[in-house]
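S.K.: Got a structure for you, written out below as structure tokens; questions coming shortly.
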């Protein structure tokens, strides 16, 4: 017997083929409440899309510890070799809307939610170790530059390059995006990075600075612009389809988690700002340390409920993992939760995909869509005479030594914009450099020459061969930008 249709209130629906009218050809009646409910719900099915990372795919999996790092962190998910923790992953493009093609040249989001016994840990990263910006005040400007032009409502290469080249610190990220790794072939064939500098705190209350790396066990595969155009012409959901089908076919993708560890005191002595999101830490100084691996092995049963409504927030950390003075990270600690309260509501943490797997004791009350019992008759204030849900000073972090006057400090005092992009360029093979030249020149085509020259000057400062290679393809003589 087939399941029977009801209203949202559970009442039987007698007619779902024809509206109720006054006579065979008469007007529709207002008392046709099923029609009213059905259309009213339809009118409200679409929630606000994410301002960035709107197009994405997700899956559940398991993280397993393979190496001991307890001397660096007291986080229980790393407490013993073999320990497993459930997680949810969401991979995305960044600039495009929900209907954008997967195989666009763009950064990829790489967000993980670990459902630990101490609460949810959200690691909200990308497939690149750096970013365009150092200062979160410019993040809305980046968004506006890569989104649609306010006059034409089209994506604008001019706007992209005008903004990127006005921020010389963006060259490191631009170099990666324009390289052969700018279009991953699938989500399975890309690395992930926490990108920011975070901190570990161990059982002795010692702090270490840490960067997270996720190495794809499937290897790296990328698409050229021509290959991507062909893929997009056939399937705009190519990455989503690949991830979904690989898990359905039990070809479970895996990534190895590695970390770079910096003693807290080193931050004051290294010749660069270790909290600068436009720079990486040299591996020769801070080598990768293997921690574990995660496997994605279960697809969501409902995309909207589990992927679209998933919410990742870098402010969600557990004891033993914390933040750093990274300005971009500090800005995201507010922005992500605030965006989720707008997009999903103040109680979005009760949506099953976002809900912790451990007990929650909070004084947060009421709000739209509060459907979990609202903590019943438990007192809603603290301190209280019953000692309910008191603070936990045992989990206080060690003090972080800070100094300096409060001011709008200009990060441009550090003018080392070009050494690391130059190092990256020189690590490339001749073939990879040629691909970088070709991709960059193609994307700069049609952009005003003034903007082209600005980018060429930056590339030339990173390495003369970098600027010359692109300039040759744009038919611009080196004398115009050296």
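Yeah, the Cβs are placed from backbone N, Cα and C, and that goes for glycine too.
Pasting the relevant annotations from Swiss-Prot:
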type     : residues : note
ACT_SITE : 53       : active site
ACT_SITE : 126      : active site
BINDING  : 336      : heme binding site
S.K.: In whole Å, how far does the CA atom of residue 336 (heme binding site) lie from that of residue 53 (active site)?
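M.R.: Spelling it out, the Cα of residue 336 (heme binding site) and the Cα of residue 53 (active site) are 12 Å apart.
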S.K.: I want to verify one value. Collapsing DSSP to three states, which class is the residue listed as 'heme binding site'?
M.R.: helix
S.K.: Tell me the Cα distance separating residue 126 (active site) from residue 53 (active site), rounded to the nearest angstrom.
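M.R.: Taking the Cα atoms only, residue 53 (active site) lies 10 Å from residue 126 (active site).
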S.K.: Over all shown protein chains, what is the count of other CB atoms within 10 A of the CB belonging to the residue listed as 'heme binding site'?
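M.R.: The answer is 20 other Cβ atoms.
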S.K.: Starting from the Cβ of residue 126 (active site), draw a 10 Å sphere and report how many other Cβ atoms land inside it.
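M.R.: For residue 126 (active site), the count of other Cβ atoms within 10 Å is 23.
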S.K.: Just how many other Cβ atoms lie inside 10 Å of the Cβ on residue 53 (active site)?
M.R.: 21
